[in-house]
Amino acid sequence: MAFDLAARLAERRAADLYRQRPLLESPQGPEVVVDGQRLLAFCSNDYLGLANHPEVIAAWQAGAERWGVGGGASHLVVGHSTPHHQVEEALAELTGRPRALLFSTGYMANLGAITALVGQGDTVLQDRLNHASLLDGGLLSGARFNRYLHNDPASLASRLDKAVGNTLVVTDGVFSMDGDLADLPALANVARARGAWLMVDDAHGLGTLGAKGGGIVEHFGLGVDDVPVLIGTLGKACGTAGAFVAGSEALIEALVQFARPYIYTTSQPPALACATLKSLELLRRETWRREHLAALIRQFREGAQQLGLQLMDSPTPIQPIVIGDSAQALRLSRLLRERGLLVTAIRPPTVPAGSARLRVTLSAAHSEAQVQLLLNALAECYPQLENADA
């Protein structure tokens with residue numbers, strides 16, 4: 001029978017890989033209502049606590065009054081409004097680049113940049129643990145596609161030696177399921193030495209890394225010559241929605257001409273851009289948010305290590321607890337939820353087989369007391385997994 005979807009779904013259920021959407025019935029924040037239950041959440045990417053900030057909300061409301069609620073058309077027709085342009089200028093300033101280009105989603109930004117820059121006769125090389133949108137962009141581009149070993153400049157160099165045509169090296173800045181940082185200085189040196197361009201998706205670094213929140217490129221003290229193509233998202237640390245590509249004048253003009261996900265879609269609501277302008281202002285001005293977040297990360301890592309939990313090498317708000325077995329990861333997530341804590345279990349195919357984990361994410365909106373509540377609950381629940389295996 002064609003399209004036997006029931007069999008595919010049953011197979012996924014049997015492997016403990018079936019996914020369901022929790023229903024959020026409250027604004028984003030540490031304390032949420034999900035499926036009718038009040039919970040303390042550690043699974044949002046609202047890293048700076050701006051998604052429900054009153055000034056950001058007020059900016060959106062004022063933007064709707066001034067500009068309406070719809071983009072109305074694509075950017076190249078009559079959908080590129082003054083707030084969109086102002087956001088692009090603010091993002092160029094934040095990232096220290098000549099220009100930036102606004103996209104509706106991070107997925108579209110990644111697909112648009114890759115497919116506009118490389119095609120048949122070219123080469124795209126990607127880290128094995130890159131986000132799905134980057135991998136999809138590489139496959140859709142029509143270029144020769146290969147993956148190098150995770151965060152391994154030597155592995156990249158060996159593949160660059162076999163590359164043909166224009167060559168684009170693509171990596172996450174912060175790897176979303178592990179929380180570790182790409183070795184950008186080494187990757188940039190390898191790429192530049194072989195005439196390749198380096199593209200970095202800094203979805204999880206923008207706003208949280210760098211003294212000014214400029215992200216992983218600022219964190220490492222690199223520039224546009226080291227990382228010609230920089231991607232960032234606005235739905236995480238910025239607390240709103242959308243994404244951007246930042247780079248040279250020529251890069252942005254090329255994307256306007258050739259990036260199909262940019263050309264053939266309606267622009268985001270101008271009021272959303274007004275909200276993003278305010279969140280970018282808060283990101284720059286309220287440096288205490290990054291400082292407080294860094295303190296929470298230290299607190300969690302020290303406490304988790306004392307409990308004997310297996311963490312990954314992450315200096316970021318993403319703090320995965322590796323469990324291994326998918327069923328056990330789901331069980332620990334359920335045990336925590338019974339105690340009023342929401343921590344999501346991440347399973348294959350999102351992560352490699354045998355590496356299921358609880359993906360703890362911290363926010364500047366959390367308090368030290370809330371992080372301690374999580375550690376106390378883990379101290380109570382984690383040993384129950386070991387007892388079940390005994």
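Every residue gets a Cβ built from N, Cα and C, even glycine.
The structure displayed is predicted, hence computed values, not measured ones.
Site annotation (Swiss-Prot): substrate is bound by His131, Thr350, and the candidate from Arg13, Arg19, Arg21, Arg38 recorded at this site is Arg19. Going through Thr82, Thr123, Thr233 against Swiss-Prot, the one listed in the pyridoxal 5'-phosphate site together with Gly106, Tyr107, Ser176, His204 turns out to be Thr233. Spatially, by CA atoms, the recorded positions Arg19, Lys236, Thr350 include one closest to Gly106 (pyridoxal 5'-phosphate binding site), and that is Lys236. Put simply, Lys236 (N6-(pyridoxal phosphate)lysine) is 13 Å from Tyr107 (pyridoxal 5'-phosphate binding site) when counted between their Cα atoms. Within the set of recorded positions (Arg19, His204, Lys236), the lowest number of other Cβ atoms found within 10 Å of a Cβ is recorded at Arg19.
The Cβ centroid of Gly106, Tyr107, Ser176, His204, Thr233 marks the pyridoxal 5'-phosphate site; residues of that chain outside this set whose Cβ lies within 8 Å of it are His131, Ser133, Asp201, Ala203, Gly235, Lys236, Ala243, given in sequence order. Comparing Cα positions, Ser176 (pyridoxal 5'-phosphate binding site) lies closest to His131 out of the recorded positions Arg19, His131, Lys236, Thr350.
Within 10 Å of the C-beta atom of Ser176 (pyridoxal 5'-phosphate binding site) sit 23 other C-beta atoms, taking all shown protein chains into account.
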